[in-house]
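K.L.:
Once you've had a glance at the structure underneath, I'll fire off some questions.
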Amino acid sequence: MDMHHPLSSPDGRIAAQDAPRKERLVVVGNGMAGMRTVEELLAKAPDRYEITVFGAEPLPNYNRIMLSPVLAGEKTFDQIVLNSRAWYEDNAITLLTGEPVESVDRAAKTVTSASGRVVGYDRLLLATGSMPFIIPVPGSTLPGVIGFRDLADVDAMLAAAAKGGRAVVIGGGLLGLEAANGLRVKGMDVTVIHLMPTLMERQLDPSAGMLLQRELERRGITVLTGADTAEIMGGERAEAVRLKDGTELPADIVVMAVGIRPNMALGKAAGLECGRGIRVDDAMRTSDPAVFAVGECVEHRGVTWGLVAPLFEMAKVLADALADGESAYTGSVTSTKLKVTGVDVFSAGDFSGGEGTEEIVFRDAARGVYKRLVLKDDKLLGAVLYGDTKDGGWYFSLLKDGADVSGERDTMIFGQGFGGADAGNPNAAVAALPDSAEICGCNGVCKGTIVQAITSKGLTSLDEVRAHTKASASCGSCTGTVERLLAVTAGDAFKAGPAVKPMCKCTQHSHDVVRAAIVAKNLRTMPEVFQALEWTTADGCASCRPALNYYLLCAWPGEYADDYQSRFINERAHANIQKDGTYSVVPRMWGGLTSASELRAIADVVDKFAIPTVKVTGGQRIDLFGVKKEDLPAVWADLNAAGMVSGHAYAKGLRTVKTCVGSEWCRFGTQDSTGLGVKLERMTWGTWTPHKVKLAVSGCPRNCAEATIKDLGVVCVDSGYELHVGGNGGLHVRACDLLAKVATEEEVLEYTGAFMQLYREEARYLERTAPWVERVGLDHIKQALVEDPEGRKALHARFLFSQSFSQDDPWAERAAKGVDRHEFSLLAKVG
Amino acid sequence: MDQILSVLPDDAVWTSVGAVADIPVLGARVVRTASGDVALFRTADDAVFALEDRCPHKNGPLSQGIVHGRRVTCPLHNWVIDLATGEAVAPDEGRAGHIPVRVENGAISVALGLAAPAQGGCKGGCHV
Ligand code: SRM
Ligand SMILES: Cc1cc2nc3c(=O)[nH]c(=O)nc-3n(C[C@H](O)[C@H](O)[C@H](O)COP(=O)(O)OP(=O)(O)OC[C@H]3O[C@@H](n4cnc5c(N)ncnc54)[C@H](O)[C@@H]3O)c2cc1C
Ligand code: SF4
Ligand code: FES
């Protein structure tokens, strides 16, 4: 390679003296940022430098972003080359590929490559990019474990895919999902494991992340969220991935796409100031004025970047600096798009917001669209779009320009095309829909059908539209749209029906509509409910979240992952919060029975943890008041050791089964009321219900256990058992209604299980049995439980099925197994 | 990306208290300080906020509430408190003490010295 200046004579020294030698620019890294800088520089000062480029990869400069389409088979490598070797020649640039630079001597101003070549510079540019971060779990260095960074990685993936088999992709961010999609398209069986609860959580909010997950699952990709890798197993090469929960996923190839690390080793070894990357100032200059850096390898104002747009902005500034200009790079606003064909995802800016931000959320369940804008002081701060990203560019420019959007605020969520005369009128959005737009997903009714029915039959109310078209007649999630259609089509004739009471301010739907929709539309997570039922807030509120959590838990036993952050503190901490922030602890005493050893253990716990108050409750057990939250797991451990479990005194679930002494001792007792109470409590403990449930069994009609003001009370008589339901003490005392009289304990248990399940499935959250029985009527309950023995048995079976998942003592899980440890420990102690 | 919430004096003293990942999403953790407990909240989009762990109503521990959007609902009597400002949401009136937070690289620090004081409610030492 001729490293001499074209003008130099055979005697270089003399020539260097007569003709001014060009300054020498050496670029380390033949990637996107480095070459963009060179392109910009050539445009500004074409003859200024004698340029030498070192590239570690044996390739000309290519568009790294497009590796995903290459993997998916949508593009060939030739189509993604940015600058061919001819381009370097035409611009008199010396390109040395397959030749990484190994060291920089800043004093001598030379670089040395792996092949031992030494090249001098006047100015040096480091553009070494970044490297995939490989989680250092056991097995991470086995053959078959690869990153997703360069063409060699793509080739390795394509080679694996050619053999079929299974791929595990670790990391559900942009890169991981593009790799997963490509491997899936190439016929592999793909599982994505992602540490966080939702995909691409850095770019997308949970709602959009959930929609994305559904779409990928629809394409046959298995997605495991909240999954942490423990180890990569295998002898010669990777064979399986083991998760921390013990799950083993067989794998022929493992792609690690959990993040990138700026590639700053060369800069660091050369003694340049480094943080997370090579530190540069606003002119992209490092701590050595002769050395510049650009791209993913730099840290600028404390920030590192991993997308091309900011790198290109840096390249422009840097080219200017190399040409002695004075522009400054001050940071970027970025946007992200996922390059998976057919999946439209866009996000930009900062949707974590800050003081005084407002949100606008739009959901169109029928079209699978979700949009969320974050505003502050009449400016757009961030945007997340799923399903309809056509306005992404518009939002991004509003955001970058810091434009005042007060004029568009009310309608901007509908997109740029929306506005003008109709601005501010949501009916206009409906009017603008094509006739073929599906309005009611449950019944497959499109707009044209509804409009035709309204005009031809002269319909004026929602009920009439429901009767004639079935639109909005099932889950009701399209009710708002149908009402708007009525308003637009029937005009003044439209009469809004009596408003149903919405669950809370986040939705227009009532409890009953939401519950029905969860089952009818097969909604299995909270974000799915938010999307399908068009919630107006991103993550609900303190009133709807606990209700939805219960409805989902009840609908999908054993499947739905209980969301503790949606539970009131008592249920989250498994103890009752007191006015001073301490907690009370109530161990279960089955049927009100206790023993010397239990009492002794309670006494020991009281001494050991200096518990200030011990009280016998109205529910026949003992309450320990004033326990510090940090002490709870240790208190529970001691109680567990004596055989006691949580009494759920805090739960919307079974509280107590109160009993009297009954036939065992009492001279009036007709049956073993204490024993039956214990059996009932053993069957029903641990259940979650719309509100708390209390049972009781009295041994005779003298009713010492106050069974006739319980949710379900049993009064024993000579000939069997009377079952009373729907009573409570409390604010409005209500005595029970007599439901039935049965002959055996087995029947008592079956009726009780069935009653519990009917209440669980039908009552609204926070509705106790008394108001529920009054609302639906005793006849309805008799119909379901007494007159329909098959139905009763089925209810009882469903109750037992759901109990099979809920009868784990929550105290033991926390005391011995360390569940939710964060709940009971301080984040930090300072000062 | 880094999250710096408001413009603060350069000489602010930042105390590091842990990582964003240590706080459950839509949850809170407590930092015990010499001047009382501070609650650190994490929202669905990973923003972190710090408030004195005392409700302006009757000193309820806000860290034990349900976090939704950018708000927390007090566990004792359901006042709703804005996390970014500590203000009680109308019709309730009062403000919880609010502490500046900085998140860098997933690490949280707080400027305890720059706490905006609480307003309204009980200021007695009912519980700390
Ligand atoms: C401890 C206890 C009082 C006592 O010292 O005896 C008690 C204490 C509380 N009751 Fe009760 N109730 C207790 C028996 C009762 C009874 C009597 C009974 O169960 O036989 C009733 C009337 C019967 C009934 O429920 O129908 C009762 C009706 C209420 C009510 C009103 C319920 C209603 O439907 O109107 C509430 C408020 C609520 O739940 O929303 C309530 C709420 C509470 C709460 C949970 C208040 C709260 O939310 O913080 C108290 C918490 C105590 C704690 O921290 O442990 N407590 N409460 C009793 C615990 C029983 C147990 O062993 O689990
Ligand atoms: C699969 C994939 C998809 C992507 N999709 C997008 C997207 O959709 N949108 C987006 O904005 N960004 C995307 N990116 C990120 C984007 O590609 C990078 O931000 C960009 O390429 C970084 O440019 P760079 O020049 O800093 O680093 P690189 O492009 O990595 O270039 C650095 C070069 O330096 C070489 N090098 C390193 N050390 C040495 C050495 N000592 N000597 C010589 N050479 C060396 C490396 O081999 C490499 O060729 C994607 C990245 C990947 C991998
Ligand atoms: S009666 Fe009132 S004060 Fe007494 S324990 Fe029940 S809720 Fe608390
Ligand atoms: S103490 Fe917070 S609402 Fe009462």
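Cβ coordinates are placed from backbone N, Cα and C, and glycine is handled just like the others.
Feature list, courtesy of TrEMBL:
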type: BINDING; residues: A:Cys660, A:Cys666, A:Cys700, A:Cys704; note: [4Fe-4S] cluster binding site
type: BINDING; residues: A:Cys704; note: siroheme binding site
type: DOMAIN; residues: A:24-299; note: domain 'FAD/NAD(P)-binding'
type: DOMAIN; residues: A:335-401; note: domain 'NADH-rubredoxin oxidoreductase C-terminal'
type: DOMAIN; residues: A:439-487; note: domain 'BFD-like [2Fe-2S]-binding'
type: DOMAIN; residues: A:503-552; note: domain 'BFD-like [2Fe-2S]-binding'
type: DOMAIN; residues: A:578-642; note: domain 'Nitrite/Sulfite reductase ferredoxin-like'
type: DOMAIN; residues: A:651-788; note: domain 'Nitrite/sulphite reductase 4Fe-4S'
K.L.:
Look at each of the binding-site residues, A:Cys660, A:Cys666, and point out the one with the fewest other Cβ atoms around it within 10 Å.
P.N.:
A:Cys666
K.L.:
Let me know how many other Cβ atoms fall within 10 Å of the Cβ of A:Cys700 ([4Fe-4S] cluster binding site).
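P.N.:
Excluding its own Cβ, A:Cys700 ([4Fe-4S] cluster binding site) sees 20 Cβ atoms within 10 Å.
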K.L.:
Are the domain 'Nitrite/sulphite reductase 4Fe-4S' (A:651-788) and the domain 'FAD/NAD(P)-binding' (A:24-299) close enough that 3 or more Cβ pairs fall under 8 Å, when only pairs 6 or more apart in sequence count?
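P.N.:
These two stretches do not touch.
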K.L.:
Thinking of Cβ pairs under 8 Å, which stretch from A:439-487, A:503-552, A:578-642 has the most of them with the domain 'NADH-rubredoxin oxidoreductase C-terminal' (A:335-401)?
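P.N.:
Ranking A:439-487, A:503-552, A:578-642 by Cβ pairs under 8 Å to the domain 'NADH-rubredoxin oxidoreductase C-terminal' (A:335-401) puts A:503-552 first.
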K.L.:
Using the centroid of the Cβ atoms of A:Cys660, A:Cys666, A:Cys700, A:Cys704 as reference, list every other same-chain residue with Cβ within 8 Å of it (recorded [4Fe-4S] cluster site), in sequence order.
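P.N.:
Nearby residues not in the site list: A:Val661, A:Gly662, A:Phe668, A:Gly669, A:Ser673, A:Ser698, A:Gly699, A:Arg702, A:Asn703, A:Ala705.
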K.L.:
Measuring CB to CB from A:Cys704 ([4Fe-4S] cluster binding site), give everything in the same chain under 8 Å that is also at least six residues away in sequence.
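P.N.:
Residues satisfying the criterion: A:Cys660, A:Ser698.
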K.L.:
Can you break down the domain 'BFD-like [2Fe-2S]-binding' (A:503-552) into helix, strand and coil residue counts using DSSP?
P.N.:
26 helix, 0 strand, 24 coil
K.L.:
What kind of secondary structure is A:Cys660 ([4Fe-4S] cluster binding site) part of, going by DSSP in three states?
P.N.:
coil
K.L.:
Under a three-state reduction of DSSP output, how is A:Cys704 ([4Fe-4S] cluster binding site) classified: helix, strand, or coil?
P.N.:
coil
K.L.:
Provide the three-state DSSP residue tally for the domain 'BFD-like [2Fe-2S]-binding' (A:439-487): helix first, then strand, then coil.
P.N.:
28 helix, 5 strand, 16 coil
